[in-house]
Amino acid sequence: GLKFKISVSTLAQTGANDLQTLADRLAQQSICASLSKRFPKITIIGEEDLPSEEIQEDLIETGQSEEILQRSCPPEYSQLKEEEIVVWVDPIDGTKEYTEASRCLHFQAVAQAPHKGLDTPQPHSTALWLLDNVTVLIGIAYGGRAIAGVINQPFYNYKLGAGTQLGRTMWGMLGLGAFGFQLQEVPGDRRIVTTTRSHSNKLVTDCVDSMEPHEVVRVGGAGNKIIQLVEGKASAYVFASPGCKKWDTCAPEAILHAVGGKLTDMHGNAYRYDANVKHMNSAGVLATLRNHEYYVSRVPQSVLQALKSD
């Protein structure tokens, strides 16, 4: 599969802001160039607005997953033409968390260097857990609908240290299922809402409160929030704000739908992923594994009035 090219050691040695730009750019170049080389007629829309330039050969992924290729493509998608497919790419989802964690690693690298920083406090040492928030998202759309998606967690298992297999890939396709994780659900008598960690406002918090949750889980990244849903850590992802974009939701929506879940705007309307749609998800994001209608029914009128459906 596509490899994430920025290692933890690189992350530790590079300034946070420069790293964010570098990592975003290299990851998107790798993904887009690799896909374009193999499927030259598909439309690819990425978060980063990159100039046309020659891509380094070592950024192009030529491998393929035999495990995936052994599976049969659902009949309704087996005859698709390349030019009918739109791919939405978010090279780093959870950018703020990635930046905070990189500052932590950078600080630790400086502190551990000979004669440097031995007596310096480490204000960012607790930020490493934010690496779990970081994902790479590749969503595939046909006819305006998200039909397949990949969520890669490049730093998964980072806590286990050297010698551990770092990262994991979750993927799914409508009519085929979802793979790379164990599907779990929150117990039926519990309502756990996951929402933004760093982009909150009164509208967001009012909407979360209206769901009457037993617990609220605040994490970064749209991809990571869908992981919370499919691994039984949250019942609903509620974000009453126009902050998310199509590359944030296409891949997660496809995986969620593949296991029977649902992702809509706050009005309960589906988003479209055609090549010519506006990139902003203007009416917020509401995603659930089960009982979607309940959560839609709880959205306050103030939110519906503030966030007009496309």
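The backbone N, Cα and C atoms fix where each Cβ goes, and this holds for glycine too.
All annotation found in TrEMBL is predicted automatically rather than curated by experts.
Residues or ranges marked as Mg(2+) 1 binding site by TrEMBL: Glu47, Ile92, Asp248. Sequence-distant contacts of Glu47 (Mg(2+) 1 binding site), defined by Cβ-Cβ distance under 8 angstroms and a gap of at least six in the same chain, are Asp24, Gln28, Val89, Asp90, Pro91, Lys245, Trp247.
Counted within 10 Å of its Cβ, the other Cβ atoms near Asp90 (Mg(2+) 2 binding site) come to 31, all protein chains included. Feature annotation from TrEMBL assigns Mg(2+) 2 binding site to Asp90, Asp93.
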Inside 8 A of the center formed by the CB atoms of Glu47, Ile92, Asp248, which other residues of the chain have their CB, for the recorded Mg(2+) 1 site?
Asp24, Val89, Asp90, Pro91, Asp93, Thr95, Leu137, Lys245, Trp247
Might you list, by sequence position, any residue in that chain lying six or more from Asp93 (Mg(2+) 2 binding site) with a Cβ less than 8 Å away from its Cβ?
Val134, Thr135, Val136, Leu137, Gly221, Ala222, Gly223, Asn224, Asp248
